[in-house]
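Step one of this worksheet: look at the structure below.
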């Protein structure tokens, strides 16, 4: 069957012990994946992908450069507040439609029978490409961190081994290979890794936020951490509001990936309740522990220009230099700092692992509905109920995206742009349909926002529209091919390709979500 114009109804058991499976059957899908995840496991996947240790560490240089302590400590809550608005709106929709397809399925249900195929097509491609870009950026950031760890372990920037871009891309390929192998395991084993990753992130944050400022002989004052606004940058930007906006990118990049809870719903028990819980708790806990990590590290910052200088021991990698100098100045060597970087490396590794898990489930669901080339291949599951082909596809595409770094880091930055903006556009589309076309017809599930649903939805949509514009602004002046912000080029290119594909081909054969269940099932 093609897309049916049937409105949602509240879940009933229909002979099933699990309300999520009952709801999945009502939506027209067979239970093909193993439904063994608890609410804790569902939360763990999203929390591991958000991974404050990953996002903050990777873009701490950006935060220090644009605004410094003020832009980070207060900008974190600005981004956190609006991210929670997006998360709450997504959780409400997830409760009504708990399927692995997540966002693109929601867009189809909420946009009405006439717009369903196109809305589903656009949302799905922005979502899946955004997810591939997230995996690319996460695993590449781990490869870069390994490069820095090796550099510091061999003597630092003056004489140490500095891995070439070809070595870094080999690191990246090896990391992706490990993630593919782990994601080939059963969901039971994978959920254990996910829970371990969540615990590692929480414990790692608390250890580092206390240890680093404690070890550092010189500490920043509270006045510096909460009131210092860094306007000194090599980008030629001096307007404080502009600087603050650019500094928000660190926080917003970190707080992404929580749609994983939606993509794991067909493997989660009572997903119409536990999927929303996974989304909201992952965001909320990340906001709290992330702020603690930011404060702890920033209290060890005393010389911003030196931390950002390519001449320092870590070659300009700010957090690595903070850790290394804290132990070197206290104990005469920076081994302790290198070990602390290892803690972060483990967190980033598991972040990438969970990202591949989410990618593969999205590819599985999207191909189930015939949206991808060679869809029957990516939709297959093995004897362990794992969409194995979708796992290896996701890893392969993420590796291909990273190859752009060999040509130019500017080109690679375009991939990172899609990871943030592209993914948030996919988040906003079903919410937009929820507050417009489906404002009166939407039937909520067990979790709902009541009369505040439309208001919170509009806040979420407007925030995504705002950051799409803000993060497309130039990040350096004068604008040259090396300083151009390629975000609008990357995201605009994805939009043009997706729409062109629709007009020239997909509109003739893609009908939106396709049910695969009949009365005998």
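Placed from the backbone N, Cα and C atoms, the Cβ positions cover glycine too.
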Among ranges 166-186, 229-249, whichever one TrEMBL labels transmembrane segment: 166-186
Among ranges 103-126, 127-150, whichever one TrEMBL labels transmembrane segment: 103-126
Among ranges 17-38, 39-60, whichever one TrEMBL labels transmembrane segment: 39-60
Tertiary contacts of the transmembrane segment (279-301) (same chain, 6+ residues out, Cβ under 8 Å): 43, 46-47, 50, 52-53, 55-56, 60, 64, 69, 72-73, 76-77, 80, 83-84, 87-88, 90-91, 94, 201-202, 205-206, 208-210, 212-213, 216, 219-220, 224-225, 254-255, 258-259, 261-262, 307, 319, 322, 326
Tertiary contacts of the transmembrane segment (390-412) (same chain, 6+ residues out, Cβ under 8 Å): 131-133, 135-136, 139-140, 165-166, 168-169, 172-173, 176-177, 179-180, 183-184, 356, 359-361, 363-364, 367, 378-379, 481-482, 484, 486
Among 166-186, 192-212, 449-473, 485-504, stretch most in contact with the transmembrane segment (66-91) (C-beta, under 8 angstroms): 449-473
Considering the transmembrane segment (192-212), which listed stretch of 103-126, 331-352, 418-437, 449-473, 485-504 counts the most C-beta pairs under 8 Å: 331-352
Positions on the same chain near the transmembrane segment (449-473), where near means CB under 8 A and six or more residues out: 82, 85-86, 88-89, 92, 242, 245-246, 248-249, 252, 417, 420-421, 424-425, 427-428, 431-432, 434-435, 439, 442, 485, 487-488, 491
Remote residues contacting the transmembrane segment (166-186) - C-beta distance under 8 A, at least 6 residues beyond either end: 34, 135, 139-140, 142-144, 146-147, 193, 349, 352-353, 356-357, 360, 384-386, 388, 391-392, 395, 398-399, 402-403, 405-406
Segment-segment contact (the transmembrane segment (331-352); the transmembrane segment (485-504)) at 3 or more Cβ pairs under 8 Å: no
